[in-house]
Amino acid sequence: MPDSLKKKLKLKVSAINNGTVIDHIPSENLFKVISILGLQNVKSQITFGANFESEKLGSKAIIKLSDVFFEDDEINKISLIARNAKLNIIRDYEVVEKRVVEVPDKVIGIVKCFNPKCITNNEEITTHFTVISKNPLDLKCKYCEKITHEDQMVIK
Ligand code: CTP
Ligand code: ZN
């Protein structure tokens, strides 16, 4: 099969003119990514798909946002649940930049504190963690000082 045809068949979601393509999201976390980035408030075109074949992830999801460009600290919020996500910045139909997401130094909201007695699990208080290890992830709670490890992480 010619490469040009392969590429067309691969393109299950239409190309965009200008904006951001978030690729290589684990399929099961697509809707969490949408919610963490607040994409329900975006007024321009959004297309997304899940359960696409991926060599690296087995199954991946993809989100295409027309005319939306993210600041680093905004996009890094998804690093906790889409570690291998790749950002493609599109201008005039061409990929002009590729970026990876990075785990930030602080995590505010998003994750629940593992400690059931923590005030954030008992009152309406936004969680706040310092990242003390990035791989594997270890988050130290500002309120109870307990560590939430990666394998205990629950996304709010
Ligand atoms: N894309 C798009 N609209 C464009 C150009 C690209 O929606 N005008 C999307 C492609 O569908 C792909 C992503 O942006 O999902 C990255 O495009 P490209 O770099 O051409 O694809 P790959 O080489 O497969 O990317 P990588 O292996 O780096 O993920
Ligand atoms: Zn806590």
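Each residue, glycine too, has its Cβ placed from N, Cα and C.
Feature annotations, reproduced from TrEMBL:
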{"type": "DOMAIN", "residues": "11-101", "note": "domain 'Aspartate carbamoyltransferase regulatory subunit N-terminal'"}
{"type": "DOMAIN", "residues": "106-152", "note": "domain 'Aspartate carbamoyltransferase regulatory subunit C-terminal'"}
{"type": "BINDING", "residues": "Cys113, Cys118, Cys141, Cys144", "note": "Zn(2+) binding site"}
Excluding Cys113, Cys118, Cys141, Cys144, please set out which residues of the same chain place their CB within 8 Å of the center of the CB atoms of the Zn(2+) site, keeping sequence order.
-> Phe114, Asn115, Lys117, Ile119, Thr120, Asn121, Thr127, Lys142, Tyr143, Glu145, Lys146, Thr148
DSSP-derived structure type at Cys144 (Zn(2+) binding site), helix or strand or else coil | coil
May I ask which residues of the same chain, at least 6 positions away in sequence, place their Cβ under 8 angstroms from the Cβ of Cys141 (Zn(2+) binding site)?
-> Cys113, Asn115, Cys118, Thr120, Thr127, His128, Phe129, Ile147, Thr148
Using all protein chains shown, find which of the binding-site residues Cys113, Cys118, Cys144 scores highest when you count other CB atoms within 10 A of its CB.
-> Cys113
Close to ligand 1, in the sense of Cβ under 6 Å, among Cys113, Cys118, Cys141, Cys144 as binding-site residues, are none
